[in-house]
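Record features, source TrEMBL:
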- 31-291: domain 'G-protein coupled receptors family 1 profile' (DOMAIN)
- 52-73: transmembrane segment (TRANSMEM)
- 93-114: transmembrane segment (TRANSMEM)
- 135-154: transmembrane segment (TRANSMEM)
- 181-204: transmembrane segment (TRANSMEM)
- 237-258: transmembrane segment (TRANSMEM)
- 270-292: transmembrane segment (TRANSMEM)
Amino acid sequence: MVDNRSKNQTLKRPNEFIQCKRVMFLMSLNGNSMTIYIVLTKPCMRSVTNCLIANMAIADLFMTFSAMPYSAAYAYVGSSWLGSTMGMITCKILHFSVALSIVASIFTLVVIALDRFFAVVYPLKRPSVIRNISVVSTVIWVLSILSTSPYLYYYKALLLQNGNYHCFVSWELDSWDASRIYFSFVFISLYAVPLFIIAVFYSIMSFKLWIRRIPGNPTAANLRHAAISKRRTIKKLIIIVIVFALCWLPAHLMHLFIFFDEETYLEIPALLRLISFGVSHANSAINPYLYIALNRNFRRAYVDVLQSCCSHAGNLVRSISREATRRHRTRI
């Protein structure tokens, strides 16, 4: 038995929230699956940046299948959890999957920024390892798993004094200070510092592409054209990073309230808490449509896939219709 540190609040009108989550789930599932499919099946889309974007789409699917269903269930049952072995397993896997998605996404954004940095600032010194997407992706996922593996051990479904099971982090020494230290480390090392590094990379690239002028002579025409293309790419990637940072900021602020000002956190309405975490989950649904909106090649590939699916569906319907007509005539 441990002390109950949270109120088991539920929403007064959960159906509307569930509908929002359902739409978010379907958007994320469709968009991220389509992103992965496009990169895998279209050779022209297999640039280093696009492969890393597909890597982010995989991370977003982890969020789609873990955090979104859980937050929908929270609207009905609050923070109550399952008991028994199944409750313990789902508690660990859920929080591990959510953390893994976040860390894999931020690591991928760092690698994208690093790759673009060398492409823009030091094009002749670009490390060959960055172009080996298999190695890069493996390193990203291994580091992400190692960084989030403590979740598999310290998150537990425990019976509280109110008679309900709850899933939360439980340190061996039952030290609230240990939780503060660990989540402060997570916030700084896996959110604040990576975003700072990304900001530095893009700031240097922006100076290189926007501030420094390419000489206006005929021999520099190709360089100017390349610089314009790189500016467009950098703008798109900066937008993706900003959206990620803004979507996850409310959730991180909530965690800081939980561990450093618990009384204030408990006074926050359940709906506002869910919205704060829901915005972070929405990032997984927003990302693939950002790629489509910002990248002409992704947009064309997405339309091609949809047209192909509609064509196959139409052929299937016509085939079924013809077969039904043939059987009807045979009976007559």
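Don't overthink the numbers, they just go from 1 along the chain as shown.
Cβ atoms are placed via backbone N, Cα and C, with glycine included.
Curation does not apply to TrEMBL; its annotations are automatic.
Below 8 angstroms of C-beta separation, residues 48, 51-52, 55, 92-93, 95-96, 99-100, 103-104, 107-108, 111, 129, 169-171, 182, 190 of the same chain, each at least six residues beyond the ends of the transmembrane segment (135-154), sit close to that stretch.
When averaged over the domain 'G-protein coupled receptors family 1 profile' (31-291), pLDDT in the model lands at 86.
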